[in-house]
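What follows is a set of notes on a single structure, which appears directly below.
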Amino acid sequence: MSTSEEVLVNTLPSRDTWSGALDNEEEMEALVMNPEAQGAKASEMTPRYGTANSEVSDPGYGDAGYGTNQGASPSSSNPPCPEICTDQEVERMQRRLRFFFMNPIEKWHAKQRFPYKFLIQVIKIVLVTTQLCIFAHSRYKHVNYAWDNRVTFSHLFLRGWDTTREVNSYPPAVGPLALYVKEDFYHTLDYAVAGYRKLSDAIGPYSYDTDDNHIGSPLLSLYEYKEGVIYGFNESYQFNSEIDRHVINLTISSNASFSSKEYLISKNMVVNFSALVRASLEFSVKTVNFKAAGAITPPDCYRFDVKIDMDNGDQDGQMLLSLEAEPMRLVCQGDVEYITDNRLDYILGSILNCCVIIVCLLSLILCGRAIYRAQQLKNETIRFFKNVYGTVLSREGRLEFLNLWYLMIIANDILIIFGSAIKEQIDRKQLAGDQWNICSVFLGTGNLLVWFGVLRYLGFFKTYNVVILTLRNAAPKVARFSLCALLIYAGFTFCGWLVLGPYHIKFRSLASTSECLFALINGDDMFATFSIMPLKSPMLWWYCRFYLYSFISLYIYVVLSLFISIIMDAYETIKLYYKEGFPKSDVQAFMASCTDEASSGVFRSGSFSTSESVRSWFDKLFCRIPLRKPFSGTTGSRFM
């Protein structure tokens, strides 16, 4: 028996002493059932058995302010402790909290507990990164292949297309591809049909979307107002805003020439260009890609749904012309022997996807269990502080049990599981549409959060923890500052869109206006933004100068400087904390008096693990009269 336990046992009253202090059994029963009577009776018996500030105190914890109540009177306003609060109970709770907030290395030294959560995260980083690299390479080939075919289709089926339009440049080197004459509308349809009819002349291995490779029937769709007749000479019109869709199958022959105008007339279709909103020509083309094939990879089969769109929605005499080709991966039905012997890449990819899903599920379960156990310990700590010290655990203390790293790990686990499932379906060619972009968003965001999670383990070292602590300390101030800066930014954005939008190419839409202003903050393309503004309106030309000078000066010289100063102030605060000590919450201050080293072996003792619950239930069943008064004062004065 330890010295503190011997002193405490010597101070405990015997049953005969209690019987002498009470007049009869009825008084004893009333005392047990009435907590207020217990406090009053304990005050009467204080001179005989000692108070909380007597010479019998908790060794090793008095300096921290726990287990003692210096200056507290027996008539303290704090509620009395309903259980026997021994030094061993306080020490046990301190060690439990101390062990809970240890890092994996310290827990290994404390209880020889293998850091399986850390091992799972390391394995997950390796598997997820490997999966991402493979998928990124495959996705690049897929998107690049689809874009190259779109360029090819533009040359084959789109009248007026040239090589200068194949490169996206800003500002655009050429104007929009558009139709301005009625005959150009029919010539565009004839050019597309002629290119589709001569598909075999193309260099690419293209075929028709039919079983026997005979030429199909392109689908022409005309979207027109139900009624739209304009009499411009006397400013009158007939108009019905309801839009009707007319669908015509263009039956063409591989030998005879085709005229869309004559074909529409034969179908009793007359195109009313004053009422025409949009027209589209659709057909499908199949092909096989040998480039991706190799020793372990079979060829890929695709179907491209080609759509030539002619947009006349603005009714400004300019019908915009564009082409889209949507790729669809198909299950190849060709060289069966070759595909059977070269499925190793698919098998390895499926194994990798399954391993990633299994590891992420394990990580999700372990982190969810850790969060659940943390909340259980938090509730137990709240009850302990209330019962032992008569105080309420502070908000900062409760937040100590919420591990945001675990929440981030759970988020990336969910994203990676969904992304891996979609990738497996893509590999199996079981999706009805092109889901490459959705899969890349899930896997990319999940991998981003996985690598962010590595910062948690670097935070265990003092040198690397500065960045994390600085960001956490500056986050509230940065959020408040960003809100104010965002309101000013929104005002400039709406103003620029309204005033400069009709004349300046960078302010044509609300999104482009915001992007232009954000680029100006970072010093990008400033002179071009000034020079592009035309001189059609001298007033707006001068207003543009005043607008841009004001915005750039305000955000570069004032807002960004204040933003940097907030970060630097947080950094200086963290440096000061490293020198003078970090402020502690009530939970941290409570644990501070537990100076046992992780490798001391006390955390592997039986009293720390299994006997804790037995002793707690024993005290609840048989011990009802308190022997120590809780300390007085607020939570902040005791624990901060």
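Cβ atoms here come from the backbone N, Cα and C positions, even for glycine.
A TrEMBL annotation is a machine prediction, not a hand-curated record.
Quick look at what TrEMBL lists:
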COMPBIAS  1-17  compositional bias 'Polar residues'
REGION    1-22  region 'Disordered'
REGION    35-81  region 'Disordered'
COMPBIAS  67-76  compositional bias 'Polar residues'
DOMAIN    143-332  domain 'Mucolipin extracytosolic'
TRANSMEM  346-368  transmembrane segment
TRANSMEM  404-423  transmembrane segment
TRANSMEM  435-458  transmembrane segment
DOMAIN    442-574  domain 'Polycystin cation channel PKD1/PKD2'
TRANSMEM  478-500  transmembrane segment
TRANSMEM  546-568  transmembrane segment
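With a cut-off of 8 Å between Cβ atoms, the residues of this chain six or more beyond the transmembrane segment (404-423) that come close are 121, 128, 131, 135, 349, 353, 356-357, 360-361, 363-364, 367-368, 370-371, 431, 435, 438-443, 445-450, 452-453, 456. If you average pLDDT over the domain 'Polycystin cation channel PKD1/PKD2' (442-574) in this model, you get 90. Within the domain 'Polycystin cation channel PKD1/PKD2' (442-574), the DSSP-based counts of helix, strand and coil residues read 114 helix, 0 strand, 19 coil.
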